[in-house]
Amino acid sequence: MSLKNKLHILKRKYRSKKMAPAFNALHTFLYLPNETTHNGTHIKAADDLKRTMNTVIMAMVPCLLFGMFNAGYQHHLALGEIQSVTGGLFSAEFWTLDNFMVGFWKIIPLVIVSYGVGLLIEFIFAIINKHEVEEGYLVTGMLVPLIVPIDIPLWMLAVAVVFGVVIGKEVFGGTGMNILNPALTIRAFLFFAYPTWMSGDKVWVHGAVERDQAIAGGQNLDAISGETILGALAQSKEVAYSTVDMFLGFIPGSVGETSTLLIILGGLFLVFSKIGSWRIMLSSVIGAIVMGLIFNQVVASGWIPESSNFYGLMSAPFWEHLIIGGFAFGTVFMATDPVTASQTNKGKWIYGFLVGFISIMIRVFNPAYPEGVMLAILLMNVFAPTIDHYVVQGNVKKRMKRVKVKTA
Amino acid sequence: MSNDIRIKKGLDIKLVGEAEKTVEQAVISNYCTIRPEDFHGVIPKLVAKEGTTVKAGGVLFFDKSEEAIKFLSPVSGKIVEVVRGPKRRIDAIKIQADKAQAFEDFGVFNVDAAKPEAVKAHLLAAGCWPFVKQRPYDVIANPASSPKAIFISGYASAPLAADLDFTLKGKEAELQAAVSALGKLTEGKVHVSVGKNANSPLAGLNGITLHKVSGPHPSGNVGTLINKVDPVNKGEVVWTVNAQDLVIIGELLLTGKFNAERIVALVGSSVEKPRYFKTIAGSEIATLIYDKGVSKGGNDRIISGNVLTGKQIRPDGSLDFYSNVVSVIPEGDDYELFGWNKPVFNKVSTSRALTFSWLNPKKKYDLNTNTNGEHRAFVTTGTYEEVFPLDIFPMQILKACMYQDLDEMEALGMYEVAPEDFALTEFVCVSKQPHQKIIREGLDLMIKEIG
């Protein structure tokens, strides 16, 4: 008897049992279910939620792999064991097995903890609520490891995932019902609960924190600096990386968000496959450019002294904001989450624009934590239903006007 | 003068098994079954008791809440069974057909000389009223209402739909009589749509406003026509009639006979030789599907109607009252290994998420009834809008129906829609939500609460 038939018999056997959702979740990963339509449309399109989520994950895989190489590269570079890259994207110093293995052994545990803890909670809630396990966490689980610093302790990640999934999603009713992007809720929790692990110039390079502690313990070593570009700009320091490095991603940062090039590729894939909203991505970039230009204009007009706290970030050319920090990653993978973004097409333009606009604003005006994308998206998540409300009201008003014209 | 309506948003689902343009006389059905559930919202009051005999055109039952609306027998014969469900609800009335058919004579009706009230009374008495539907609510029209316009779609854009240009050919006289009669019942216009490049017998009628539609399905839906021409506002009513039913109305007016005969297309990938049949509403489906049709005992879905909006029927079931197409497609009750992530070439999709139907837009597909995934909460956005041409927010109105907010349903345009308008959004729905059912229940709630 084939595996297919065996599983079918098991599924029937456990149909009304408590653990049925857990069994079905695993079963449907192996086989597309044998469910048929009843009334309504007798045929259905090929796409389901699993396919949709899988497409987003595929778009993130290049970022994940690059993140592994980059983790090792930044580590070895900071220790002075290798030279910085010179030959562009295909530099031999970067794509070494050694670099990859350092990152692999640091990042895979993050992925396992993120998925393990998150899916466990999803399964528990599905069993308690007696509904099927929904696929929302598949994307969240991949996003989380990509947006945290590499050395984040695993227990912290686990605590944050529990918080993010339960408070960010399940209390609202699970996938499709949440207000805030769960991955960003997880990150925001880490950010406010464990700020020393989430910002500063030590956390972005593997080994930097450890080294710091060793120095504090009296050992005679050189400290490693792993300052991000945003961090440097916020303190009006000289940036040590070239524009090409920033664009290709040979810079310190959260695990998977450094390579703008690969993020753009992922974004194009999402737009092409019609899974990601091009409206949000495009309008977010426009919003960021507008805000960047405004700040550049302020600097050019001499309205702000060079001694100001904000000068460094304000004077950064507007286009540089697009390739540093988490802006590109947030725009492509986080702002486009269909559940928490605006749901109407017109609303998406407004929502995306404001995400970009506010990201850069927070970035510049909050130099203590110079990454504004997370907070900007969370803020706009909250406002998205309001934006939609007004867009929908436009349609409603049109309908009421029609009646008035008639009766007048 | 004609007006062009071009639809951009939508989706043509091309399927294997289009009917060849030949008409066969179907085997005469021994039994004719009328199911009150075909007439949504009607509570039947039985007239023809079990054991009595009726002529074709004899009254079977009438609507309890609107007694003038009568439902007639399509054949002459003996009522052999009244099938009842829970609480003695009438599920079906089964008539054994006589060998020689006798018709009630309603008399030839002179449309041109008749007053609107006389036309209405005649259609009611002669059983043609159930063909007239109304919006809001997509139910049989209330004869007391006065519609601001009447809409007829003469363009069938649904997958594997019967080609109306073909089935209505040669019926100009009947169509004209029916349209003239209906025209008397409204102060407004009779709007008729035909395909842009079609050669429709409807195009030449007098007393109509002609619209030429083009673009993907649902360009042929009457709901799309209404929305583009003259949307229904609160307090207004429009009536709609299926083009193929005009023939029955027309024949009644011209000859005095209620002849529920129509040309039905037998289509679908499970059918050996898809073609057209001449048959009578309520006929046993077995008289159509087995001769050069489907294999007996095959694992197929038989649908009275098209694959998007039709009703599933059993092999011993019968054609429903309104359908002019019978679709037979394979059942999809099987598992598919890694079906959720492997590249898909043999199914239709509007996305390009490793689904490749965009590569070959002309290809005809052999789709089965598998849902291709499980029921989920609404997640993705923007997918419905791509296939929904009405000026309405589809997801928002569906959600309003689900949480039963009457004010919001009204504000978002519930008066304008029918379940069939949401067939395509249901087809593409990633979360596999039953859109048509949600809308139907929403409309029923509004009838109950608002009336």
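Here the Cβ of each residue, glycine as well, is placed from N, Cα and C on the backbone.
Because TrEMBL annotations are produced automatically, they should be read as predictions rather than curated entries.
TrEMBL has this to say about the protein:
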MOD_RES   A:THR228  FMN phosphoryl threonine
TRANSMEM  A:107-128  transmembrane segment
TRANSMEM  A:143-167  transmembrane segment
TRANSMEM  A:179-197  transmembrane segment
TRANSMEM  A:246-272  transmembrane segment
TRANSMEM  A:284-304  transmembrane segment
TRANSMEM  A:316-336  transmembrane segment
TRANSMEM  A:348-366  transmembrane segment
TRANSMEM  A:372-392  transmembrane segment
**OP:** Could you tell me whether the transmembrane segment (A:107-128) and the transmembrane segment (A:316-336) are in contact, taking contact to mean 3+ Cβ pairs under 8 Å with a sequence separation of 6 or more?
**Re:** no
**OP:** With the transmembrane segment (A:348-366) as the reference, find which of A:107-128, A:143-167, A:284-304 contributes the most Cβ pairs under 8 Å.
**Re:** A:284-304
Original post:
By Cβ distance under 8 Å, which residues at least 6 away from the ends of the transmembrane segment (A:284-304) in the same chain are close to it?
Top reply: 310-311, 313-319, 321-322, 327, 331, 335, 352-361, 364
Original post:
Where among A:143-167, A:179-197, A:246-272, A:372-392 do we find the most Cβ pairs under 8 Å to the transmembrane segment (A:107-128)?
Top reply: A:143-167
Original post:
If you draw a 10 Å sphere on the Cβ of the residue listed as 'FMN phosphoryl threonine', how many other Cβ atoms land inside?
Top reply: 27
Original post:
Residues sitting near the transmembrane segment (A:246-272): Cβ under 8 Å, six or more positions beyond its termini, same chain?
Top reply: 55-56, 58-60, 62-64, 66-67, 70-71, 73-74, 84-85, 88-89, 91, 94, 107, 110, 145-150, 204-205, 226-229, 278, 281, 320, 322-326, 328-333, 336
